Amino acid sequence: MPIESGSCASARQAKQKRKSHSLSIRRTNSSEQERAGLQRDMLEGQDSKLPSSVRNTLLELFGQIEREFENLYIENLELRREIDTLNERLAGEGQTIDGAELSKGQLKTKASHSTSQLSQKLKTTYKASTSKIVSSFKTTTSRAICQLVKEYVGHRDGIWDVSVAKTQPVVLGTASADHTALLWSIETGKSLVKYVGHVGSVNSIKFHPTEQVALTASGDQTAHIWRYMVQLPTPQPTADCNQMSGEDEVEFSDKDEPDGDGDGSSDCPTVRGPLTSLKSHQGVVIAADWLVGGKQAVTASWDRTANLYDVETSELVHSLTGHDQELTHCCTHPTQRLVVTSSRDTTFRLWDFRDPSIHSVNVFQGHTDTVTSAVFTVGDNVVSGSDDRTVKVWDLKNMRSPIATIRTDSAVNRINVCVGQRIIALPHDNRQVRLFDMSGVRLARLPRSNRQGHRRMVCCSAWSEDHPICNLFTCGFDRQAIGWNINIPALLQEK
């Protein structure tokens, strides 16, 4: 009678185990409906204030989760069985090759040796990337270079946009979901002027290049041009906000947010109506900006169009169509008649008005989610930020691919570029603000602790390169704007 070899016996055992395992899977699948029905009957017998439709949906979801975990458990069991089978086969092969039975101790020694080799290989392979990840958490240097100087508290709802005046006196402007825009003294943090002409959320604010005039865009489907007159108060000594102690990355509750009722902003002068109202959109006007020279303005709307207006006559000059979904932002070139618009359709478009007879448009495709903003630099570059957690730097002469890509861990909101130093400020959904150069190298992260920094999503950033106290401003949905002093020479030297 033939004697069955050890390897054949182990193969037969493995086959029988797989067969019994497949039978158990079929039994499990066949009983899923019965189990789901039993669970539904049990829950229906319990008292609950949830509507039946909601309870049924929850039952379905819980059932799916249970099935996923069950499948993972069964797969884990199968893998364990296969490992045992392979170990048995390995032992049989070792006996054939060596001519002697391998003891469990010898097998354990071989396994530990191969495991240590694999561990060493993994350490070598990922050492560089791990060093990069660890270095990204180093904030001591950033805290010394980036200092919080002033907080601007007075709005009753989130702040969507922040901007700095280009003329004297230099003031800070904020646009808020509370239907108002406020102008602030940068040095003292006191509100100077309140604009209340809109009946919807104020989504954007930009200052005229040469006059004390502001342009605001609103959810009431209009953009307003209004004049302001301010007199700056005497600056008071500024407390050093960096002496505040506390651990980094501390979470906040709503009760920790600044209260906008007791700041005295209602005591400042109020502007109640515009000089000019731009009315041609059929949806929310999400952003607006001045063209170079200040004689024309461009608006971007959720009606999928951007409009170019003559400021003096309020007449519509051009309607810029082509985006497939709502627009999110618009920006103008500082020295040329160029406009860039971004959209939820994952693209941004460059509109060229330098030749009055030709209005060309170029489409940039490189993001996979909403393009939240696109801004110009002084040269021939555009920087775009997106909800796909990337920021891309583009050359206007080559639209096919970006010249640099910055990958982040959170969606990017309205970015701003320090034109003179070519530094990009990235405000994030996760309350962080990071600084990068144009080649994509990370320079710093603004401090965020239990005593300073934003407590909710950071919506926008704006550079003021000439101001001696604050040269970067950020605003967020925690109803405050913050002025930062960035030691740019030290920042660049640290790079």
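For all residues, glycine too, the Cβ spot is worked out from N, Cα and C.
As recorded in TrEMBL, the features of this protein are as follows:
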type	residues	note
REGION	1-36	region 'Disordered'
COMPBIAS	22-31	compositional bias 'Polar residues'
REPEAT	152-194	repeat 'WD'
REPEAT	195-226	repeat 'WD'
REGION	237-273	region 'Disordered'
COMPBIAS	246-264	compositional bias 'Acidic residues'
REPEAT	278-319	repeat 'WD'
REPEAT	320-361	repeat 'WD'
REPEAT	364-404	repeat 'WD'
- Query: When you scan the chain for residues with a C-beta under 8 Å from the repeat 'WD' (278-319), skipping those not six or more beyond its ends, what do you find?
  - Reply: 161, 200-201, 203-204, 206, 208-211, 213, 215-219, 221-225, 325-337, 339, 341-343, 351, 353, 359
- Item | Cβ contacts under 8 Å made by the repeat 'WD' (152-194) with residues that lie 6+ beyond its boundaries | 200-212, 214, 216-218, 228-236, 238, 258-261, 263-266, 268-271, 287, 414, 456, 459-464, 466-467, 469-470, 473-483
- For the repeat 'WD' (320-361), give the DSSP counts of helix residues, strand residues and coil residues. 0 helix, 26 strand, 16 coil
- Note on the structure: the repeat 'WD' (278-319) resolves under DSSP into 0 helix, 22 strand, 20 coil
- Note on the structure: When pLDDT is averaged across the repeat 'WD' (278-319), the result is 97
